[in-house]
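So the structure is just underneath, and the comments pick up after that.
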Amino acid sequence: MQPILKARDLVKRYGRVVALDSCDFDLYPGEILAVIGDNGAGKSTLIKAISGAVTPDSGKIWLEGREVRFHSPLDGRHAGIETVYQTLAMSPALSITDNMFMGRELRKPGFLGSVLRQLDHKAMESFAREKLNELGLMTIQNINQAVETLSGGQRQGVAVARAAAFGSKVIILDEPTAALGVKESRRVLELIQDVRSRGIPIILISHNMPHVFEVADRIHVHRLGRRLCVINPKDYTMSDAVAFMTGAKEPPPEPLAA
Amino acid sequence: MQPILKARDLVKRYGRVVALDSCDFDLYPGEILAVIGDNGAGKSTLIKAISGAVTPDSGKIWLEGREVRFHSPLDGRHAGIETVYQTLAMSPALSITDNMFMGRELRKPGFLGSVLRQLDHKAMESFAREKLNELGLMTIQNINQAVETLSGGQRQGVAVARAAAFGSKVIILDEPTAALGVKESRRVLELIQDVRSRGIPIILISHNMPHVFEVADRIHVHRLGRRLCVINPKDYTMSDAVAFMTGAKEPPPEPLAA
Amino acid sequence: AGDGVGACLITKTDTNPFFVKMKEGAEAKAAELGVDLKTYAGKIDGDHETQVAAIETCIADGAKGILITASDTSSIVSAVKQARDAGMLVIALDTPLNPIDAADATFATDNFLAGELIGKWAAATLGDEAANAKIAMLDLAVSQPTVGVLRDQGFLTGFGIDVKDPGKWGDEDDPRIVGNDVTAGNEEGGRKAMENLLAKDPMINVVYTINEPAAAGAYEALKAIGREGDVLIVSVDGGCPGVANVKDGVIGATSQQYPLLMASKGIEAIAAWAKDGTKPAPTEGKNFFDTGVALVTDKPAEGVESISVAEGMDRCWG
Amino acid sequence: MSETQDYEKAAASSPSSVAVFAAHDQGAVKRIQHALHQTPWMVPAIVLAASILVFGLLLGEKFFSPFALTLILQQVQIVGILGAAQSLVILTAGIDLSVGAIMVLSSVVMGLFSFRYGLPTELAVAAGIACGTFCGFINGFLVAVMRLPPFIVTLGMWQIVLATNFLYSANETIRAQEIAEQAPLLQFFGNKIAIGGAIFTYGAIFMVLLVLFLAYVLRQTAWGRHVYAVGDDPEAAELSGVQVKRTLISVYMLSGLICAFAGWALIGRIGSVSPTSGQLGNIESITAVVIGGISLFGGRGSIMGMLFGALIVGVFSLGLRLLGADAQWTYLLIGVLIIAAVTVDQWIRKVSV
Amino acid sequence: MSETQDYEKAAASSPSSVAVFAAHDQGAVKRIQHALHQTPWMVPAIVLAASILVFGLLLGEKFFSPFALTLILQQVQIVGILGAAQSLVILTAGIDLSVGAIMVLSSVVMGLFSFRYGLPTELAVAAGIACGTFCGFINGFLVAVMRLPPFIVTLGMWQIVLATNFLYSANETIRAQEIAEQAPLLQFFGNKIAIGGAIFTYGAIFMVLLVLFLAYVLRQTAWGRHVYAVGDDPEAAELSGVQVKRTLISVYMLSGLICAFAGWALIGRIGSVSPTSGQLGNIESITAVVIGGISLFGGRGSIMGMLFGALIVGVFSLGLRLLGADAQWTYLLIGVLIIAAVTVDQWIRKVSV
Ligand SMILES: Nc1ncnc2c1ncn2[C@@H]1O[C@H](COP(=O)(O)OP(=O)(O)OP(=O)(O)O)[C@@H](O)[C@H]1O
Ligand SMILES: Nc1ncnc2c1ncn2[C@@H]1O[C@H](COP(=O)(O)OP(=O)(O)OP(=O)(O)O)[C@@H](O)[C@H]1O
Ligand SMILES: [Mg+2]
Ligand SMILES: [Mg+2]
């Protein structure tokens, strides 16, 4: 099987800091690939390079076998890659609805929408409310609140809801449950499995080993800016994974060919 | 025993949103008190009201039996309350060292320091490096990096290191391990127990039940802006705690008197 | 006599001492005649929009007459017409409007003549050397307000240099002109402009300045390189500090104007108009009432009429 | 699936309706405060109403007449139109120091194309509008594509456009009489509708309509939302799929276009085409924007507020002049009142949540 | 402790040294790029050096002489001193539109206290300095305690101070000759040291020393770090223990104090005390600050950059005049070159990381 997304030899340097050090990456169709690694190992930089938010210094990326070169996150998005960034990428002063539909607003039907280009605030609000309810974010009392007034977890919930709602070819989630409560995290995991069952592959970055081992098909272990190994959660225990990623134990001699 | 920190009937309203709804709070000397609750339940608002970062609309707070009224976080800090906020409160463009010593900089000894008021950059840098190493944040290659260039977890590590290093009467940690890796989280838990053993009580907000049940002496369950109940982790299971906080189950009839 | 008569004085700015004195003259006369005077001014030179707003305010206020020194002599005309349609007497002070009959009367100095006088004086003082003069022209602003253009072109004409377009400075190509620079009419601008031109040619020996503060600044720049003794500075205005500078040898000669006279005449005219509807008449042979200009210097030159510094001191205004 | 996650199951049967709180003391005061918080332009509107009232009481008829009140509208029309352009730019966290210069250059182009080159007036107007839009495009290109700071870009453009204006016009004014005779279309915005003592010039009406239109666009269209997002946090906007560059360029072009219309309205207001106009346009429009409650850091505020901000300054200027304060005292008092207006604004915002 | 956390134990034996990477291609170019990135004032310094070089090549002796080069220093001294005040304020994410006005008022106070009231010159100078500091204090109080936007506060103060200045001075100039006779101390900063053709006025030397001193304070003292923190994110600064209000007030007061010194230096430069000076002080100082690479959003940049920024503008103005550009063209070209200077700056920053 061909990987849907493939990267080779990605390098990204920030001054003296090396964030990606000839890193390879493979994502296969329909799978949930978890990426784990220490803080600062370069996981976020890796997915940013893939989604177009960061331009790598060198290295190549292929999407569905064709080489691609993204110059902006919009390029990545047009190619079908939807991402929840760790920093969430929300406009603080705008409302929840505005943020969810940013760049893909709904217009009113008929004359109002096509000529006056009026937005359909009602439709967007009820859609947003529905998606938040699906995630169990029941404490958001006012759907028109500015995002800056949300609690940390609520904010993250909105970002995840946005990516899931507009899912397309690949969905990337950078620590989507970090600030979420127990119930909300649970819902996100269910959502991830849901999306996979729709055939869309997912990249999940997480520090929560039980979650990773629960949903991942394969685990990409990242260490010091490069892919250390790829393991199958069925073959290794959580302890092994943690030992690999922190450098306490040598990785398996031959990384899984795929 | 008298609570070291006591609050009664705290109310905080944001427009139509009620963040604190006559909330009570007690912290006893030398204990680790965990605060758990859904996203948006009002946990962060509660601890902000206690630390002085937010002025409650009504309600009273006592520190060591004396009523206090904080008008700014600096008041709280001078009273001995050190806080890691969920938003981390760091100046993005400044370096790690600058951020760690903000407001309590070290000056050079002798003439240079007392008259020319020159800062002792060297001493501050080596102190910062040491604290980060203690937390296991080994991927920070350049101690003079601006905080905005750190990964999410590295940033959180710096904030926790700051609070722990300058610990005083009460330490408040709002989701200190949310973005941290496995190793780094572990170290933070050890650090928390360390601090308690120095006799300083800690308020820990966290969504990670295993962590909470591992370190907490008592658990304050927060729901819809108020204290639902306080439970002893030895008397209840994690499932009970989750059921209480999400509203799936009624809380124990009589909240623990203390 | 003019009890309850409202009048307005609108000046270009009220930071330039020239206009400040004009205002003082008007206020004194108004107090004497019992005219109720309100004064307005633009924020900066060339700010004619504020002047339009001021005229509108006067209309709303029901004043009987307006004295105005226009920042833009043509642009103000529509607003002036509105005021006259509302039954007010409008008198242009210092600068005629364009066209001149847009106002009921004009009490002005001839700025071109003022420039011409200092130009002639400079040429006469240099004598034969005038043919080899190196001249620095320190003008007002790049927006070229009319006063600045008239004085500049007057000076050149007086000095014997052909002006190209009389509506514009800086287009002459006579080799004696080292360059034009702008001063904003203050000391700071004067010094900087002079420094710039000196860097271009350190042997400059004639300096035309738009007004006396600019001249004082230019003098400082010359002093800094030790050439203050052998350069001829000429200027226009005739304020007291300026005349004192003529006395001290900072400025060689200056053309003196009489803003107080313009203003008091103007107030008298409005009072008369309010009383019985008489309009003021222009000076014989001219289409405006000339309040006069005189060259002040202690080194009179042949063929140029001038008054002494002592006389100038008596008649100075600031 | 490991047993360790079992406790999470406990959340399964939790209630699934949105949390609601008892509305405790939603008295009239609270409701007003909430309304103030929701509609940012209401605060300057209140300050405006209060200042009209005060001057009305002090000056009576003279001020509180249809004539004087519509006069204010006429006097702020240029600042109001420029303020609309400025608001758009400031909402994107930029600043446009060149608005006044672009306005003047556009009006000069309209005038010279009619008179120097003898083109039909319609064409001359179109040329002026194209010229303003083009200046805006250069600003936008430098800001969006070259990523230069807007302050510096528009500072540079200010000087460039102003100098071009002086050089091109040869500092010559085209007189009102000639325009009225040969190219009356240039004075279009000077036409007026008189209703009783009230006089509404087309320019003043245009200003109000323009602001209403832009308020609609900013609130009701995707483009408007993008403008706010770009000003709020350009990085976040880019990451969440806004075409930041395109939005910025369109904003600066629109700003240039509006400035050109301001230039046309300026001809209507002063009758003539004068290259020395508009030197205070930038500072006055920024003042209106800021008094109107739009944040200079971008992304917050409403364009309606700008209109009220401009009117507040207009009311103070006229009121003080009518009270007989002389020019320097007027400036001093306007300085005081600018600060006072914003203090009141800030205070109202603080008590309301 | 539940067994569920066991896997975390696996991390216990992980290596505990700081991660290091092989230094791949640290060639000379990379090292230079890194240095440029680390020291923000190097970029304007390079632009400055380049422009001196270009004008030197074009103009030869005339420009590349000690006389002309020190002349530039003299011409920028006022802007440079005001720029130092402006830099401090802009580093806190504020802006000070009143610098020029405070400067003039201070110089007028010095002059009038000496001449109108006949006080000893030392006292008059002290009064002028106190006046400037007090104006700064009002700015600071309104910004920090009343939480008004700095733009509006200083806009209002600009008008207030300027009007006060004109009213108080009655627009009268005190002549250089009188000052030289009766109060030469007022012209202190006009004294000069000549070394060969180079002329260093005390004012120019003061400007350089002031900038060096402030660079030290900003970099090496706690107060300096707090200024950056407040500008970077005032909320975060407050939460992490900076006394935001006190820092802001001290910054504005210091800014006022420096403006008063600028007023003193101004007397030295133009010889006389003139209430009409300094009208462009604010825009010119802001230009210097921004060309010098200090962010208008606060918290980023270095005050040394401001000095180079001021010098860049000075070099261009003089160089262009010497090349024979007339006043209007100089205006236009300076506009172009401001944009060009910042473009180069941006470009260098981009290639360096
Ligand atoms: N803009 C930047 N400038 C300089 N260094 C950077 C920048 N962005 C990231 N880095 C550095 O690159 C390294 C990798 O960062 P990255 O955010 O990819 O880590 P991560 O694996 O996502 O960590 P975490 O789990 O904490 O989110 C870190 O050491 C960080 O300090
Ligand atoms: N400045 C504000 N303006 C308006 N609403 C606010 C503001 N700050 C918080 N809120 C609201 O108050 C409620 C409580 O927020 P808080 O941050 O205390 O939640 P939390 O319990 O800390 O949640 P989390 O676990 O997600 O951090 C939320 O519904 C939030 O939307
Ligand atoms: Mg990350
Ligand atoms: Mg929280």
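Just so it is clear, glycine is given a Cβ too, placed from its N, Cα and C backbone atoms.
Annotated features, as they stand in TrEMBL:
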TRANSMEM  D:41-60  transmembrane segment
TRANSMEM  D:66-85  transmembrane segment
TRANSMEM  D:97-117  transmembrane segment
TRANSMEM  D:123-144  transmembrane segment
TRANSMEM  D:151-168  transmembrane segment
TRANSMEM  D:193-218  transmembrane segment
TRANSMEM  D:248-267  transmembrane segment
TRANSMEM  D:304-323  transmembrane segment
TRANSMEM  D:329-348  transmembrane segment
>> Short question: most Cβ pairs under 8 Å with the transmembrane segment (D:329-348), which of D:41-60, D:97-117, D:248-267?
In response: D:41-60
> Do at least three CB pairs under 8 A connect the transmembrane segment (D:41-60) and the transmembrane segment (D:304-323), leaving out pairs fewer than 6 apart in sequence?
Replying inline: yes
> Out of D:41-60, D:66-85, D:123-144, D:151-168, D:193-218, which stretch has the largest tally of CB pairs under 8 angstroms to the transmembrane segment (D:248-267)?
Replying inline: D:123-144
> Any chance the transmembrane segment (D:151-168) and the transmembrane segment (D:97-117) have 3 or more Cβ pairs under 8 A, given the pairs are 6 or more apart in sequence?
Replying inline: yes
> To the transmembrane segment (D:66-85), which of D:41-60, D:97-117, D:123-144, D:193-218 is linked by the most Cβ pairs under 8 Å?
Replying inline: D:193-218
